[in-house]
Amino acid sequence: MPTVVQISQPGPALPPPDRPNDHHRRLGFRQRVDKWASIHRHLHEQFWQPQGSTLGFFGASMSVGGIIGCIVGGPLNDRFGRRPLISGGALLIVGMVIMQTFSSNFRMFTGGKLLLGFGAFIQQCAASVLVVELVHPKQREALSSFFNTNIYIGFIIGAWITFGTFRMMSQWSWKLPCILQLALPAYQVVMVWFCPESPRWLISKGRIEEARQILIKYHGNGVENEIIRVEMEEIMGGIEADKTMIKANWQGLKTILGTKGNRHRLWICIVTAVGSQALGGSFVTAYLPQILDQVGLTSSKDKTLINGIMTIVNWLTAIIAAFVIPKVKRRTMFLFATTGMTASFIIWTALTAEYVKHGHKGLGIGVVVIIFIYNFFTSMCWVPLVIAYPLENVTTKQRAIFFAITLFSINVSAFCSSYLNPVGLAAIGWRYYLPQCCFNALMIAIIYFTFVETKGLTLEEIAIIYDGKESFEEAVHYVSMELNAKHSEAVNHVEGLTEVKA
């Protein structure tokens with residue numbers, strides 16, 4: 001869990017800091033190095049300069065690995081637990097970083113990136129779920145929103161390391177940023193084992209006493225109080241009430257898609273995932289150098305400096321938003337941010353079109369300013385909530401699979417955007433932005449009519465919105481009776497032993 005939150009929020013003890021969230025710092029570092037690699041002269045000398053569809057596949061190769069990782073990540077997450085996948089994914093990343101650093105050709109470099117994406121998204125399937133399922137209910141909204149903002153820490157580290165090395169007159173000007181990616185995953189391979197396992201996953205596997213001890217330690221400050229008892233009842237009741245069968249057969253698919261509530265959950269997951277990649281952010285994330293070329297900012301130094309400043313501004317925005325989100329309605333935040341993104345993108349398109357016609361440098365600077373504003377709206381909502389919102393809308397049984405579907409949708413959307421964007425920009429220039437403006441407007445309507453409000457609710461209370469109150473209350477009553485019966489049995493056993501000794 002994030003150290004800054006642990007210090008600033010008194011109350012129940014939290015699990016060891018900064019382990020699951022290291023995944024996003026490392027992922028941000030990886031993406032920032034990729035962006036810088038597309039403009040670096042020594043890398044071009046080593047491998048040649050890719051163009052068009054080849055550049056598109058290089059940009060999308062991490063998403064290809066991520067798609068495969070998401071397909072297998074959900075079932076593995078449910079079978080083995082959250083921590084083994086985090087550690088195993090980090091170990092694979094370490095190997096692929098070494099492979100990329102010492103690649104002898106461009107295909108090997110791209111292959112390393114593809115497999116790195118596989119490891120990264122196996123990790124994310126587990127790390128995001130672990131954070132949501134482990135934190136105290138009062139801190140879930142802030143910490144789950146905070147989780148995804150850590151990607152900007154990786155962005156900042158990557159951006160400023162590459163700014164410092166791009167002047168080096170050797171191949172180490174690109175190899176050094178690559179090899180430094182080892183630091184965070186190597187740390188994570190070991191340190192995640194000092195973080196507790198998800199109590200909800202343990203309960204779903206029948207390991208109830210282990211889960212109870214984790215909740216007592218981290219949510220009750222070492223004391224088994226009424227809050228822990230109620231939390232145990234709610235978790236067990238939610239699992240009992242959930243009829244979803246996570247199996248790779250027709251019956252399993254039927255339980256996932258057979259109810260209106262589950263179909264609505266799946267819709268929320270997919271729309272949030274697609275929106276995070278398809279609202280225009282991929283233009284900035286992967287192709288900022290080409291966009292700056294369009295508006296006359298062609299200096300490598302200027303591009304790298306803008307990149308570095310932009311990452312810091314985005315990170316600060318996302319951090320502030322993560323702490324504001326618990327106080328603001330989710331649906332309102334999505335509507336406000338997406339409307340701002342759409343308006344910014346329309347202005348961005350208009351300024352780019354005018355620059356192409358007239359070539360005034362002021363118009364090019366205006367585009368850069370609008371990109372900063374666009375990123376402000378993106379960072380305040382779609383960065384912190386793309387993880388938090390889908391995860392809190394699904395049940396314990398569904399969480400690993402539905403989040404794997406979310407990440408799968410993110411990677412498919414990212415692949416399509418990354419592969420098509422350079423081709424479209426090269427073919428028709430600024431006109432390629434026009435369909436994006438229309439899609440953004442459509443997304444506002446989708447959010448307005450289909451997103452649900454989850455502010456201030458526990459994970460089990462959110463489930464009632466989709467599935468109704470009756471089945472949940474029946475399950476909680478059943479679990480409560482079962483726990484009371486076990487408690488009475490234990491008391492009678494102790495009294496019997498006391499009488500025998502007497």
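Every residue gets a Cβ built from N, Cα and C, even glycine.
Some features that TrEMBL has for this protein:
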- 1-455: domain 'Major facilitator superfamily (MFS) profile' (DOMAIN)
- 1-24: region 'Disordered' (REGION)
- 55-73: transmembrane segment (TRANSMEM)
- 85-102: transmembrane segment (TRANSMEM)
- 114-135: transmembrane segment (TRANSMEM)
- 147-166: transmembrane segment (TRANSMEM)
- 172-195: transmembrane segment (TRANSMEM)
- 266-288: transmembrane segment (TRANSMEM)
- 308-325: transmembrane segment (TRANSMEM)
- 332-351: transmembrane segment (TRANSMEM)
- 363-388: transmembrane segment (TRANSMEM)
- 400-420: transmembrane segment (TRANSMEM)
- 432-451: transmembrane segment (TRANSMEM)
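In this chain, the transmembrane segment (400-420) lies apart from the transmembrane segment (85-102): fewer than three C-beta pairs between them fall below 8 angstroms, excluding pairs fewer than 6 positions apart. With a threshold of 8 Å between CB atoms, the same-chain residues lying at least 6 positions outside the transmembrane segment (114-135) that come near it are 1, 14-15, 20-21, 23-24, 26-27, 30, 61-66, 68-70, 72-74, 76-77, 81-86, 88-93, 96-97, 99-100, 143-144, 147-148, 188, 195-201, 214, 218, 387-388, 391-392, 396, 399-400, 403-404, 407, 411, 459. Long-range neighbours of the transmembrane segment (332-351) within the same chain, counting only residues 6 or more positions beyond its ends whose Cβ lies under 8 Å from a Cβ of the stretch, are 275, 279-280, 295, 325, 363, 366-367, 370-371, 373-374, 376-378, 380-382, 385, 389, 430, 433-434, 436-437, 440-441, 443-444, 447-448, 451. Within the same chain, the transmembrane segment (172-195) packs against the transmembrane segment (85-102): three or more Cβ pairs sit under 8 Å, each pair at least 6 residues apart. If you look at the transmembrane segment (266-288) against the transmembrane segment (85-102), you find fewer than three C-beta pairs under 8 angstroms, all six or more positions apart, and that falls short of contact. Confidence for the domain 'Major facilitator superfamily (MFS) profile' (1-455), expressed as mean pLDDT, is 80. For the transmembrane segment (432-451), same-chain residues at least 6 beyond its ends with a Cβ under 8 Å from one of its own Cβ atoms are 264, 267-268, 271, 275, 278-280, 283, 330-331, 334-335, 338-339, 341-342, 345-346, 348-349, 352, 421, 424-425.
Proximity of distant same-chain residues to the transmembrane segment (55-73), defined by a Cβ-Cβ separation under 8 Å and at least 6 residues beyond the stretch ends, is recorded for 30-31, 34, 38, 85, 89, 106, 110-111, 113-122, 124-126, 286-287, 400, 404-405, 407-408, 410-412, 414-415, 418-423.
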